[in-house]
Amino acid sequence: MSAESISNTGAARARKVDLRVIGPLVALVVLILIGVMLNPNFLSYSNVTNVLARSAFIGIIAIGMTFVITAGGLDLSVGSMAAFVAGLMIMAMNWLSVSMGDSVVVILLGIVLALGAGLAAGFINGILITRAGIEAFILTLGTMGIYRSLITWLADGGTLSLGSGLSSLYSPVYYGGILGLSWPIIVFALLAILGEIVMRHTAFGRHCAAIGSNEKVARYSSVHVQRVKLATYVLLGLSVGIAVVMYVPRLGSASATTGLLWELEAIAAVIIGGTLLKGGFGRVWGTVVGVLILSLISNLLNLTDFVSPYLNGAIQGVVIILAVVLQRNSGPAR
Amino acid sequence: MSEPILALKGVTKSFGPIEVLHGVDFALRPGEVHALIGENGAGKSTTMKILAGYLSQTRGEIILDGKPIEFTGSDQVEDLGIIMIHQEFNLAEHLSVDQNVFLGRELKRGWRLDHRAMRTRTAELMSRLESRADPATPVSEISVPEKQMVEIAKALSRQARVLIMDEPTAVLTERETEVLFRQVERLRDEGVAILYTSHKLGEVKRIADRVTVLRDGIMVRSDLIDDVTEDDMATAMVGRELSDLYPPKSDRGAEPILEVSNVSVRGVVENASLTLHRGEVLGIGGLVGSGRTELAEAIAGLRPRTGTVMLKGQPLAAGQVAQAMKAGLVYLTEDRKGAGLLLEKSLRENLTLPLLKDFGRPLIDRKREEAALDRAIEDFAIKVPARNMAVGDLSGGNQQKLLLAKTLLSDPDVVIIDEPTRGIDIGTKQQVYNLIADLAAGGRSIIVISSEMPELIGLASRVVVMHAGRVAGELAGDAVTENGIVRLAMGMEQSGKENAA
Amino acid sequence: MHKTLITATALTGLFASPLLAETIGVSIPAATHGWAGALNYHAERTIERLEAANPDLDFVLTTTSGPSQQVSDIEDMVATRNIDALVVLPFESEPLTAPIQRVADGGVWVTVVDRGLAQEGIEDLYVAGDNDSFGRTAGTYFAENLDDGAKVVVMRGIASEVDNERVAGFEAALEGSGIEVLAMDHGNWNRDTAFGLMQDYLSRFPEIDAVWAADDDMAVGALAAIEQAGRTGEMIVVGGAGMKEMVARIRDNDTTVPVDVTYPPAMISTAIEMTALGVSGAAPVSGEFIIASELITADNAEDFYFEDSPY
């Protein structure tokens, strides 16, 4: 390319960066304004904390997903994985409580198990993708079916419920909190900050972007490509484990419908937030905005009679597309 | 003199407030090869893109067959018989060679694709270009020069009246270049008007009938080729007298620093051995596809291999590129865009990628990164219009300088540079040559792999030549001649070191 | 409509004499939610029991996750297992009508369970719960027990025929009662969705007297949300289907959950048993058996509580 065209494309790029940054934020602000107009309770303390706490599960998973997608990967299994890990955790805690009673130790063991199981499930996905060279889409589509079947089988088609003693002991992890913020919100916020720092300011985050951008260049630049890719899946598995730890105390149950379509919501949140689906660029704060946008849409629809509930999906679809168009469509098309 | 088919008259081009072409007059006549030369950034690409309808001029006229015409886009221009061969390949990597050649103009029988006809036509075109690429092979599996041949086949398959070739020989060996030139001459004899650009002035002298020199968006001279010498052209391009292109060679030490013995890479390299001494510039010659690049990548840990590689007396494990870098051996790829740089990332992110851990743990120290970039920009004289621009928007020469800076960031003892000056202008070339000489003078050891004979001869004191995956021979001192290298590269001599001084 | 109440246990005594060798195909939706899980549980148990009692009786059970897969399953059963009878709970009415018609035309006995086909007269036997009655029973309870002007929110299931029938029955029962329905949104028969939906209802309406969740899974989610908001005691929650956790609360006189409405998944057992009887000619069986929904109250809760059922 010749030097003279540089200034031009360089300028175009600069404009694009601006819109990319504000795109999802604009969508979020617009949603909030609409919400305030439609219902005075929208900004009430309880509604805001409800929405934030509800967003936490998918939000925590989506933070992990941001790294996977930035590194050029994909994981469709997270929803099923969450259900499976939740089922495993509930069964183990119920079993332990027989011998150990309804104690905090049982809950701690359950938490350790959930984190371990998430980690292991992520490792399995990662090792098969990096070592056996199976396409991430197909592999995780496979494991998605496997985990979904396993939870259905574990629950015998029904619902696995935590014993009532344990349930009331554990429930403060979802419903409790400090300074008026519930634990899921706090955990989500901390992980988001941590994720943003890791993505932006560590070698790992930079390596993820490099691999997603051009795997060959990364390899030739002596980046441990396979190791980094594996790490993204393990990290995602761990974030699924953390999400489950926050999820189980809410209703104390897991069934075949737990976590249904979470994977798509997480992926949608990541993309709305400005991360490129093909990899190469990712940002965690954008993902957080994306998750909030998705949660706010369904919250808004529940708070109003504005449209027929049959059209909820359509409204969500339109907002998702608009949020993405806002950040991509700047200036003349290439 | 015949009337031009296609001409520019007083054409200017501005990007925003910046005018980059200042009133260019340029004409392409039937049956004439017209070379357009200039340094990177002189306006060659812009001129070609205007001629091919990819860009529209700001002022001035495009004249086709004597009448002014408004181009509406590259499709329309192609329909007019004006075909451009791009330097960056416009090939669909996963489609086969024949599918690429006929992409968008597929031959059909009724509504069905006529696979057989397309394959046969492609095979004909490729054999005319003396390429062995099978039409059924996916483009992703063929070599870089073969890809160039596919691009050329694509152009040949159309009925071109005007053919615009943007550095077609940058990735070709001399033999392949000769094949291409025969096709160019055939087209010229058929009355096609050809625009040809190259950084290789010898080639320009060989193939062109007329040469036009651009410098900083201005046409500095336009002559019949017989009226100018290569020196005249170079001087006109650079705008100053070029001193000797190659710096003096420094003396190498006696101490071997890299010993490669019996290295094999399945299917491409067999039992290759070589030794590199401290402070030495060693050349590796041979045809593209002779296993040069693969051998270098195997040494650097980028390919699985057998055999031993000793660096400073310590063995290097196979397939461990990070470990090789840590031990002090790095490789600069020939594939700048595919394997060297992240084109959509900034200079800073590219520069520090191999060595991020040295820029702060666990958090990267942005200030140190910026300082490193400042140093690189200064040391390597990288011209950067905007600091945070994407590397893909830099000119080829500046990309190459950045890649050098990136590769040398780890302060290695041994540097393997594959095609150090591919696709860069003569001014930048000289800077790269000086840099290589400086590195050697500073006690580092360098292996230069090149398809350009003068480059090997000018830089290296000793040249290892490969042929068909094997080391065909080694030349040193006065024996390093074009003839000697060619004979070994073509497999005409299977020798040890009888030519060694 | 002719309504008969059948109890499955009454039939088991009829299997004293050995039946002829028959193969019966059973095609039901996969266990993707609690009620379907219970359906699978009852189907499997019934099949085990019948096979143990009659070694000559052979069953093919398939569970499907979509209408097109169900069509393939049924075609496979006919082609490869040569079934004599088919017990089918159609995933959807329209897409399965023609394929089941073909099976019936081939001389196979057809029992349709719960979801009617789009065309009448295809099946030999029809065993179903009554969705209209399911909604109507809950609606009637509200009409009789809530004050005039009471405010109700509704959680619907996944948008479908079943859901429409239930809601229509519910609305019909409320007509003229003076009870105000504040909102109706879809909780998709899912605990998590219902939890979020209830939270939003609670933010939106300062005053709610009753919640009708058209399924017990959703009622569980709603109850958790009410408890979190600290508004327990302000409203009652009526679910449906007879999940054992809900039945237990009624039995224990939980003031928030005074009643529940049945929609017994055990209807599949009835269907399978009656089909076995019908196809073997052991007893004349045909027609429609519609199992009306009943109101579970603190007085009769014990009768609806099955300790080892998964649901």
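From the backbone N, Cα and C atoms, a Cβ is placed for every residue, glycine too.
Note: TrEMBL annotation is automatic and uncurated.
According to TrEMBL, the protein carries these features:
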type	residues	note
TRANSMEM	A:21-39	transmembrane segment
TRANSMEM	A:51-71	transmembrane segment
TRANSMEM	A:78-98	transmembrane segment
TRANSMEM	A:104-124	transmembrane segment
TRANSMEM	A:136-154	transmembrane segment
TRANSMEM	A:174-194	transmembrane segment
TRANSMEM	A:230-248	transmembrane segment
TRANSMEM	A:284-301	transmembrane segment
TRANSMEM	A:307-326	transmembrane segment
Tell me if the transmembrane segment (A:230-248) touches the transmembrane segment (A:51-71). I count contact as 3 or more CB pairs below 8 A, with pairs 6 or more residues apart.
yes
Would the transmembrane segment (A:284-301) count as touching the transmembrane segment (A:174-194), i.e. at least 3 C-beta pairs under 8 angstroms with sequence separation of 6+?
yes
Give the one range among A:21-39, A:78-98, A:284-301, A:307-326 whose Cβ atoms make the most pairs under 8 Å with those of the transmembrane segment (A:136-154).
A:78-98
Per Cβ pairs under 8 Å, the stretch of A:78-98, A:284-301, A:307-326 packing most closely against the transmembrane segment (A:21-39):
A:284-301
Against which stretches of its own chain does the transmembrane segment (A:230-248) lie, if we need a Cβ under 8 Å and a gap of at least six residues from its ends?
56-58, 60-61, 63-65, 67-68, 70-71, 73, 75, 78, 81-82, 85-86, 89-90, 110-111, 114-123, 125-127, 129-130, 162, 170, 173-174, 183-184, 187, 191, 204, 208, 254, 258
